[in-house]
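Since the structure comes first, as C-alpha coordinates, the remarks are kept for the end.
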(Lines of atoms letter the chains of each structure in order from A; the text may use other names.)
(Lines give C-alpha, C1' and ligand atoms only; values in the text may rest on other atoms or scores of the structure.)
Protein backbone atom coordinates (compact mmCIF):
# COMPACT_ATOMS: atom_id res chain seq x y z
CA UNK A 1 0.00 0.00 0.00
CA UNK A 2 1.41 3.36 -0.94
CA UNK A 3 2.23 5.76 1.87
CA UNK A 4 -0.13 8.68 2.42
CA UNK A 5 1.02 12.02 1.11
CA UNK A 6 1.57 14.91 3.55
CA UNK A 7 -1.18 17.44 3.87
CA UNK A 8 -0.67 20.93 2.42
CA UNK A 9 -0.43 22.37 5.94
CA UNK A 10 2.42 20.07 6.93
CA UNK A 11 4.29 20.85 3.69
CA UNK A 12 4.03 24.60 4.34
CA UNK A 13 5.26 24.15 7.95
CA UNK A 14 8.27 22.14 6.78
CA UNK A 15 9.09 24.72 4.11
CA UNK A 16 8.95 27.60 6.59
CA UNK A 17 11.28 25.85 9.09
CA UNK A 18 14.92 27.12 8.90
CA UNK A 19 17.46 24.76 7.31
CA UNK A 20 19.97 24.90 10.23
CA UNK A 21 17.47 25.27 13.03
CA UNK A 22 18.63 22.16 14.88
CA UNK A 23 22.31 23.10 14.95
CA UNK A 24 21.88 25.62 17.74
CA UNK A 25 21.33 22.81 20.24
CA UNK A 26 24.59 21.03 19.30
CA UNK A 27 27.42 21.61 21.77
CA UNK A 28 31.10 20.64 21.41
CA UNK A 29 32.60 18.85 24.35
CA UNK A 30 35.69 20.42 25.87
CA UNK A 31 37.33 16.99 26.16
CA UNK A 32 37.64 16.51 22.41
CA UNK A 33 41.16 17.53 21.25
CA UNK A 34 41.10 19.92 18.35
CA UNK A 35 44.87 20.36 17.98
CA UNK A 36 47.28 18.14 16.06
CA UNK A 37 50.45 17.93 13.98
CA UNK A 38 50.91 17.52 10.27
CA UNK A 39 53.43 14.77 9.57
CA UNK A 40 55.45 14.60 6.37
CA UNK A 41 56.13 11.09 4.99
CA UNK A 42 59.73 10.02 4.70
CA UNK A 43 59.52 9.80 0.93
CA UNK A 44 58.28 13.37 0.76
CA UNK A 45 61.16 14.43 3.00
CA UNK A 46 63.63 12.65 0.72
CA UNK A 47 62.18 14.42 -2.31
CA UNK A 48 62.40 17.74 -0.49
CA UNK A 49 66.06 17.02 0.36
CA UNK A 50 66.82 16.15 -3.27
CA UNK A 51 65.21 19.35 -4.48
CA UNK A 52 67.15 21.39 -1.93
CA UNK A 53 70.45 20.26 -3.49
CA UNK A 54 69.58 22.24 -6.61
CA UNK A 55 70.13 25.45 -4.69
CA UNK A 56 73.49 24.54 -3.13
CA UNK A 57 76.79 25.87 -4.43
CA UNK A 58 79.09 23.94 -6.76
CA UNK A 59 81.80 23.81 -4.11
CA UNK A 60 79.43 22.29 -1.58
CA UNK A 61 78.21 19.73 -4.12
CA UNK A 62 81.77 18.68 -4.99
CA UNK A 63 82.76 18.39 -1.33
CA UNK A 64 79.68 16.31 -0.57
CA UNK A 65 80.44 13.93 -3.45
CA UNK A 66 84.11 13.66 -2.45
CA UNK A 67 83.13 12.81 1.12
CA UNK A 68 80.78 10.11 -0.18
CA UNK A 69 83.58 8.66 -2.32
CA UNK A 70 85.93 8.73 0.67
CA UNK A 71 83.44 6.83 2.81
CA UNK A 72 83.17 4.15 0.14
CA UNK A 73 86.97 3.91 0.04
CA UNK A 74 86.92 3.16 3.77
CA UNK A 75 84.34 0.42 3.22
CA UNK A 76 86.71 -1.21 0.71
CA UNK A 77 89.77 -0.88 2.95
CA UNK A 78 87.83 -2.48 5.81
CA UNK A 79 85.67 -4.99 3.92
CA UNK A 80 82.67 -6.40 5.66
CA UNK A 81 79.20 -7.50 4.66
CA UNK A 82 77.47 -4.20 4.09
CA UNK A 83 75.01 -2.65 1.66
CA UNK A 84 76.67 0.76 1.68
CA UNK A 85 78.12 0.45 -1.82
CA UNK A 86 74.95 -1.14 -3.16
CA UNK A 87 72.56 1.35 -1.60
CA UNK A 88 74.42 4.58 -2.44
CA UNK A 89 76.16 3.55 -5.64
CA UNK A 90 78.02 5.96 -7.92
CA UNK A 91 80.55 5.72 -10.73
CA UNK A 92 82.76 8.68 -9.77
CA UNK A 93 85.01 6.59 -7.55
CA UNK A 94 85.50 3.78 -10.10
CA UNK A 95 86.25 6.35 -12.82
CA UNK A 96 88.87 8.08 -10.65
CA UNK A 97 90.52 4.77 -9.73
CA UNK A 98 90.48 3.54 -13.33
CA UNK A 99 92.06 6.71 -14.70
CA UNK A 100 94.65 6.79 -11.90
CA UNK A 101 95.68 3.18 -12.47
CA UNK A 102 95.86 3.67 -16.23
CA UNK A 103 98.06 6.74 -15.80
CA UNK A 104 100.43 4.91 -13.44
CA UNK A 105 100.67 1.98 -15.86
CA UNK A 106 101.33 4.28 -18.79
CA UNK A 107 104.92 4.20 -20.01
CA UNK A 108 106.56 7.50 -20.85
CA UNK A 109 108.70 7.74 -23.97
CA UNK A 110 111.01 10.44 -25.28
CA UNK A 111 110.97 9.03 -28.80
CA UNK A 112 108.91 11.30 -31.00
CA UNK A 113 107.83 8.40 -33.19
CA UNK A 114 106.00 6.78 -30.31
CA UNK A 115 102.81 8.22 -28.89
CA UNK A 116 103.95 8.15 -25.29
CA UNK A 117 102.17 4.95 -24.31
CA UNK A 118 98.71 6.14 -25.31
CA UNK A 119 97.50 2.67 -26.38
CA UNK A 120 98.51 1.29 -22.99
CA UNK A 121 96.29 3.83 -21.27
CA UNK A 122 93.40 2.82 -23.53
CA UNK A 123 94.22 -0.85 -22.98
CA UNK A 124 93.97 -0.56 -19.20
CA UNK A 125 90.82 1.55 -19.45
CA UNK A 126 89.09 -0.91 -21.78
CA UNK A 127 90.16 -3.99 -19.80
CA UNK A 128 88.76 -2.61 -16.56
CA UNK A 129 85.41 -1.46 -17.89
CA UNK A 130 84.90 -4.33 -20.33
CA UNK A 131 85.76 -6.81 -17.58
CA UNK A 132 83.38 -5.14 -15.12
CA UNK A 133 80.55 -5.17 -17.67
CA UNK A 134 81.20 -8.84 -18.49
CA UNK A 135 81.14 -9.83 -14.81
CA UNK A 136 77.92 -7.88 -14.31
CA UNK A 137 76.21 -9.59 -17.25
CA UNK A 138 77.41 -12.97 -15.97
CA UNK A 139 75.95 -12.16 -12.55
CA UNK A 140 72.59 -11.24 -14.07
CA UNK A 141 72.52 -14.42 -16.16
CA UNK A 142 73.17 -16.49 -13.04
CA UNK A 143 70.11 -15.00 -11.37
CA UNK A 144 71.73 -12.31 -9.24
CA UNK A 145 69.46 -9.71 -7.66
CA UNK A 146 71.91 -6.82 -8.03
CA UNK A 147 71.44 -4.06 -10.57
CA UNK A 148 73.82 -3.31 -13.42
CA UNK A 149 75.26 -0.08 -12.04
CA UNK A 150 75.50 -1.42 -8.49
CA UNK A 151 77.77 -4.21 -9.71
CA UNK A 152 79.92 -1.75 -11.69
CA UNK A 153 80.20 0.41 -8.58
CA UNK A 154 81.40 -2.46 -6.37
CA UNK A 155 83.87 -3.85 -8.91
CA UNK A 156 85.25 -0.38 -9.61
CA UNK A 157 85.70 0.64 -5.98
CA UNK A 158 87.41 -2.66 -5.15
CA UNK A 159 90.27 -1.72 -7.52
CA UNK A 160 91.50 0.60 -4.75
CA UNK A 161 93.88 -2.01 -3.19
CA UNK A 162 95.42 -2.61 -6.62
CA UNK A 163 95.94 1.14 -7.04
CA UNK A 164 97.82 1.11 -3.74
CA UNK A 165 99.87 -1.87 -4.97
CA UNK A 166 100.73 -0.02 -8.18
CA UNK A 167 101.87 3.04 -6.23
CA UNK A 168 104.09 0.93 -3.96
CA UNK A 169 105.57 -0.92 -6.93
CA UNK A 170 106.45 2.31 -8.70
CA UNK A 171 108.20 3.57 -5.58
CA UNK A 172 110.11 0.30 -5.27
CA UNK A 173 111.17 0.45 -8.92
CA UNK A 174 112.85 3.79 -8.24
CA UNK A 175 115.44 1.86 -6.22
CA UNK A 176 116.25 -0.36 -9.19
CA UNK A 177 115.33 -3.85 -10.28
CA UNK A 178 116.54 -7.09 -8.76
CA UNK A 179 115.38 -10.41 -7.32
CA UNK A 180 114.72 -8.98 -3.86
CA UNK A 181 112.84 -6.06 -5.35
CA UNK A 182 110.74 -8.44 -7.43
CA UNK A 183 109.90 -10.63 -4.43
CA UNK A 184 108.74 -7.60 -2.46
CA UNK A 185 106.60 -6.42 -5.37
CA UNK A 186 105.19 -9.94 -5.79
CA UNK A 187 104.19 -10.06 -2.12
CA UNK A 188 102.55 -6.63 -2.29
CA UNK A 189 100.62 -7.44 -5.47
CA UNK A 190 99.41 -10.81 -4.14
CA UNK A 191 98.28 -9.20 -0.89
CA UNK A 192 96.36 -6.43 -2.62
CA UNK A 193 94.93 -8.89 -5.15
CA UNK A 194 93.51 -10.99 -2.31
CA UNK A 195 92.22 -7.82 -0.66
CA UNK A 196 90.32 -6.81 -3.81
CA UNK A 197 88.78 -10.26 -4.22
CA UNK A 198 87.72 -10.49 -0.57
CA UNK A 199 86.27 -6.97 -0.58
CA UNK A 200 84.25 -7.50 -3.76
CA UNK A 201 82.89 -10.88 -2.68
CA UNK A 202 81.92 -9.42 0.71
CA UNK A 203 79.61 -6.96 -1.05
CA UNK A 204 78.39 -9.29 -3.82
CA UNK A 205 78.06 -12.58 -1.90
CA UNK A 206 74.43 -12.13 -0.89
CA UNK A 207 73.31 -11.09 -4.37
CA UNK A 208 73.83 -14.54 -5.92
CA UNK A 209 71.91 -17.80 -5.47
CA UNK A 210 73.63 -20.13 -2.95
CA UNK A 211 74.29 -22.85 -5.52
CA UNK A 212 75.86 -20.46 -8.06
CA UNK A 213 78.20 -18.35 -5.96
CA UNK A 214 81.30 -20.16 -7.27
CA UNK A 215 80.31 -19.39 -10.87
CA UNK A 216 79.89 -15.74 -9.96
CA UNK A 217 83.14 -15.42 -7.96
CA UNK A 218 85.40 -17.05 -10.58
CA UNK A 219 85.12 -14.17 -13.13
CA UNK A 220 85.82 -11.70 -10.31
CA UNK A 221 88.97 -13.65 -9.42
CA UNK A 222 90.08 -13.63 -13.08
CA UNK A 223 89.27 -9.92 -13.49
CA UNK A 224 91.50 -8.79 -10.62
CA UNK A 225 94.17 -11.34 -11.55
CA UNK A 226 94.60 -9.76 -15.00
CA UNK A 227 94.96 -6.30 -13.45
CA UNK A 228 97.42 -7.64 -10.87
CA UNK A 229 99.49 -9.26 -13.62
CA UNK A 230 99.75 -5.95 -15.48
CA UNK A 231 100.94 -4.28 -12.27
CA UNK A 232 103.51 -6.97 -11.50
CA UNK A 233 104.98 -7.03 -15.01
CA UNK A 234 105.16 -3.24 -15.28
CA UNK A 235 108.64 -1.86 -15.97
CA UNK A 236 109.28 1.90 -16.26
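From the backbone N, Cα and C atoms, a Cβ is placed for every residue, glycine too.
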Per Swiss-Prot, residue 61 shares membrane side with residue 211: yes
Averaged pLDDT score, the topological domain 'Lumenal' (169-185): 90
Stretch of maximal Cβ-Cβ contact with the transmembrane segment (117-137) [cut-off: under 8 Å; candidates 85-105, 148-168, 186-206]: 85-105
Beyond the flanks of the transmembrane segment (148-168) by at least 6 residues, Cβ under 8 Å: 72-73, 75-77, 85-86, 89-91, 93-95, 97-98, 100-101, 104-105, 128, 131-133, 135-136, 139-140, 185, 188-189, 191-193, 195-196, 199-200, 203-204, 220, 223-224, 227-228, 231, 234
